[in-house]
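Annotated features, as they stand in Swiss-Prot:
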BINDING   64, 65, 66, 67, 68, 69, 70, 71  ATP binding site
COMPBIAS  325-335  compositional bias 'Basic and acidic residues'
REGION    325-348  region 'Disordered'
């Protein structure tokens, strides 16, 4: 047994000498066994994700129909990263980012890194350079469907380019996945949906870009509008369902229901009223909502308005709800501690 252990120790020393310290270790020796996360900017989504937010160093795919709220979900995450002192980058392959809307959601547009690349190859090379720097906490690519290969742009209309985009994504993700993990960057890929022709049974919907992104993603979120939110006859927003269809760090298939209001994004007060009522932090009796035996509004909209006006009570309720769901942020790391990450990337 001692000979076997000595041989193993010798092999480990050789591996570390050849590939660098930390290239192999016992799992129990790893200093951080908890999953480090950054809040999604939505309490309901943090709870649905099971770990209190997006896991750092992982790939996230957000997909759904047009105008369902995919970019809104990503922009809320960027705002949360910036609020914690982190750096975020947005690769706008669709050339459709609205800076005024992003600002309304809490994004610091003066500090947001923005790229509007001409080709898919250029977009993914920029993404790789940003991730390899080790200085970017969140990278959003909007969208995979708009990552057009160079050959397609330079070709004629009507030319067939079978599988080009899928091959591009497959190669890019092979290169990116390892360095994303080492740099602790959260990479959010926004994707659209398409329909297969001639599917008689089952779901005909597919996401563009091949299968690679499905495999490499730690979390996949499906965003869909459920119903319109009206004030009188005016449509003020949409009730949106965000389904966690894949999750490698917690149980999947949980659903977060949020109100996405036009011009404002996700209503924090709306989801807080729903989640607090679910765990009896807020009491609901008939149409009345009350907190600590004090009535805060008749009907959901009035309760939302009360919390909007009384931010101290809103923050207190939010803290209690997070404690009830055990997502008090204990696994989070400071975003400005980059020295170890940078040294790991320099070793490459």
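Cβ from N, Cα, C; glycine included.
Location within the structure of each feature annotated in Swiss-Prot.
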{"residue": "64", "record": "ATP binding site", "Cβ contacts under 8 Å, 6 or more apart": "70, 193, 222, 223, 224"}
{"residue": "65", "record": "ATP binding site", "Cβ contacts under 8 Å, 6 or more apart": "192, 193, 224, 225"}
{"residue": "66", "record": "ATP binding site", "Cβ contacts under 8 Å, 6 or more apart": "192"}
{"residue": "67", "record": "ATP binding site", "Cβ contacts under 8 Å, 6 or more apart": "225"}
{"residue": "68", "record": "ATP binding site", "Cβ contacts under 8 Å, 6 or more apart": "223, 224, 225, 240"}
{"residue": "69", "record": "ATP binding site", "Cβ contacts under 8 Å, 6 or more apart": "223, 225, 238, 240, 260"}
{"residue": "71", "record": "ATP binding site", "Cβ contacts under 8 Å, 6 or more apart": "97, 142, 190"}
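Its Cβ taken as reference, residue 70 (ATP binding site) is surrounded by 24 other Cβ atoms within 10 Å in the chains shown. The DSSP secondary structure for residue 67 (ATP binding site) is coil. Annotated ATP site 64, 65, 66, 67, 68, 69, 70, 71; additional same-chain residues within 8 Å of its Cβ mean position, judged by their own Cβ, are 223, 224, 225.
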